[in-house]
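The following features are taken from Swiss-Prot:
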- 12, 13, 14, 175, 214, 235, 236: substrate binding site (BINDING)
- 99: active site, electrophile (ACT_SITE)
- 169: active site, proton acceptor (ACT_SITE)
């Protein structure tokens, strides 16, 4: 944790969830709106097909909603794509950009990520920007070179603590059940914090840095209590309210 930075817990449902899943979303919202809510902010990034329905279902709740990706243009001949303005209109306040699955499967470069962040800002969305190394890059001692390239290339000038959240997600930990030690996470988050302070000054000191990569109830306390970790980006464990809220409950003990 970092003093004076309100924690942020984000869930990424990826390509999971239908209308029936709104029950889980309501349960998450109910838990967040209870006495837990004042301890942190919570966000669920649902599939685009659910966003408008979820926004209507959760009207007046404390749970934030977000998209999982957006195009770098505001409109145009891009079959199948979704703009940041469309996400905003459907009820999103945030959007995940640069997730490792987008960087690898869809070959999204840092320049594309940067352009998408600017598109998110134009629409009034907060950009949740993901960075992280592969297993090969870690074993080759290239972690900090990779992070430097991603941070410098993916974040436009004008980033502030209000329009950007950064998530460190080691690619080798995502969906594998394996997560780095708290010492490794602390080292990386300290590096990211230093980079943000050097470039963005006071805003860099206030930016929320999340950890993402096989976060689950069994390791949440260790990860969320790590220095410079201001929350989590949760994948599979965000699909069930009981798992997501168990992770959130860690903030009662910190």
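Including glycine, each Cβ sits where the backbone N, Cα and C put it.
Recorded features from Swiss-Prot, shown on the structure.
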residue : record                       : DSSP class
12      : substrate binding site       : strand
99      : active site, electrophile    : coil
169     : active site, proton acceptor : coil
175     : substrate binding site       : coil
214     : substrate binding site       : coil
235     : substrate binding site       : coil
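Separating the Cα atoms of residue 14 (substrate binding site) and the residue listed as 'active site, proton acceptor' is a whole-number distance of 15 Å. Taking the C-alpha positions, the distance from residue 13 (substrate binding site) to residue 169 (active site, proton acceptor) comes to 15 Å. In terms of Cα spacing, the recorded positions 169, 175, 214, 235, 236 that come within 10 Å of residue 99 (active site, electrophile) are 169. For residue 169 (active site, proton acceptor), applying a Cβ distance below 8 Å and a minimum sequence separation of six or more within one chain yields 99, 100, 130, 131, 132, 211, 212, 213, 233. Excluding the listed site residues 12, 13, 14, 175, 214, 235, 236, the same chain places 174, 234, 237, 238, 239 with Cβ atoms within 8 Å of the centre of the substrate site Cβ atoms. The Cβ of 14 has fewer other Cβ atoms within 10 Å than any other of the recorded positions 14, 99.
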